[in-house]
Amino acid sequence: MASKKFAVKCGNFAVLVDLHILPQGSNKDTSWFSEQKKEEVCLLLKETIDSRVQEYLEVRKQHRPSNAEFTRSNPLSLKGYGFQITAYFLKRGIRLRCIRSTQNAELCVFPDRFVVCVSQLAFSRDLLASQNEDLTERVLHGVSDYFAECAESSLPPSAKLRRNALKEIVKRTETKSSVTSKSQTRRDTVETSSDSVIAEIARRRNDGQASSSPPSESMGQAKDSIKAAESHWGLPVQKLEKVNQTQPEDTSGQQKPHPGERLKTGLLSRSPVCSCESASPCPKQSPRVAKTQQKRRNCSSAEDFDHHGRVSLGSDRLVPREIIVEKSKAVRVLPASELSDPGLLLKQDLAKTTSKEELHVLESLSSRHLMKNNPGQAQQTGLATNTERLSTIQNSPTKKRKKYERGH
């Protein structure tokens, strides 16, 4: 067994260390224990030596017996990286003194000798491979050998607390760095996807303008662009459709009528102007449907004129179609200034229908209509009309004679 002796300074004491190295194999080779391993052994035993010196000083001040700790029967056992340490303190029977000099005037030799035995661990191939992998992983992640599991038992409680605190700091730093990298990656992905969506929409828009594709294909491309934008920005489809939708062109080619003409039509049909506009045929309707609606409007206007004719005559007899035509012509002849006042038009219409000339025309037309339908009734009506005319003619000369006699 090879042995080495050296001293470790702790305060005002120099602790002598007897280092015994167990050889490897049968040839008693101790070359495996290098100077680097010697420094590592000193670092592992430094705290144990300091605690023993402090205990010695306290026992000497208090004059009490020392605790039997780390004796030959109860040694200290530590594990380093690839070696095993067994250490204990041994009382020395001879008191030694240091040679004092100007630099070490107060230095004293510690009364206990520290005996350390170092032996190499028997590594198997699997254990060596696993340790190499752990070492490689620690080097890649930037972890020092200070956090190695093999040094767990060699550290005192205070060193373990410091190591745990350092481990917690390292974990927090790794968590923050991972979160930052993930957020940056997600942001880059979102920016890339947004740029691709915008470029795709612009390309489809340019293709739609340049090509002479039918409207159905362009609408399909617009819908695809809308869906892509919706999936990226979370916008509803209806809003995008309102933005992208183009207003349809007016293919009817019909111009809106003049306000005066609309008022004429409203007065003839006795309905508001908006109803005439709503009744106009839609450009999408077929010509047959438009003709049917026009016939219905003509029939309704004819019925309205029939009703007003009966009111103006004060009877329920039917009014022929010629009267309706004459009345419609009379209304259309009115100037535009009178058309602006519907009440004035109604008053003039009623006044004209109650005049004597229109009464004679209506009676003559009604008599013709009755002769076609019922000849007997027409004769009676004609006799009554002739009688009234004769009475009027006979009364008129007598009135003139009376006025003439009064004047003379």
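Just so it is clear, glycine is given a Cβ too, placed from its N, Cα and C backbone atoms.
Features of the protein shown, as given by Swiss-Prot:
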CROSSLNK  K61  SUMO2 cross-link
CROSSLNK  K79  SUMO2 cross-link
MOD_RES   S130  phosphoserine
CROSSLNK  K167  SUMO2 cross-link
REGION    173-226  region 'Disordered'
CROSSLNK  K176  SUMO2 cross-link
COMPBIAS  208-219  compositional bias 'Polar residues'
MOD_RES   S213  phosphoserine
CROSSLNK  K239  SUMO2 cross-link
CROSSLNK  K242  SUMO2 cross-link
COMPBIAS  243-255  compositional bias 'Polar residues'
REGION    243-313  region 'Disordered'
CROSSLNK  K256  SUMO2 cross-link
CROSSLNK  K291  SUMO2 cross-link
CROSSLNK  K347  SUMO2 cross-link
CROSSLNK  K356  SUMO2 cross-link
REGION    365-408  region 'Disordered'
CROSSLNK  K372  SUMO2 cross-link
COMPBIAS  374-397  compositional bias 'Polar residues'
MOD_RES   T392  phosphothreonine
CROSSLNK  K399  SUMO2 cross-link
Checklist outcome for this item: Nearest to K79 (SUMO2 cross-link) by C-alpha distance, among the recorded sites K61, K167, K176, K291, is K167
Item to check | Nearest of the recorded sites (K61, K167, K176) to K291 (SUMO2 cross-link), judged by Cα-Cα distance | outcome: K176
Checklist entry - Reduced to three states, what secondary structure does DSSP give K61 (SUMO2 cross-link)? => result helix
Item to check | The one of K61, K79, K167, K291 whose CB sees the fewest other CB atoms within 10 Å, among these recorded sites | outcome: K61
Item to check | Other CB atoms within 10 A, centred on K176 (SUMO2 cross-link) | outcome: 10
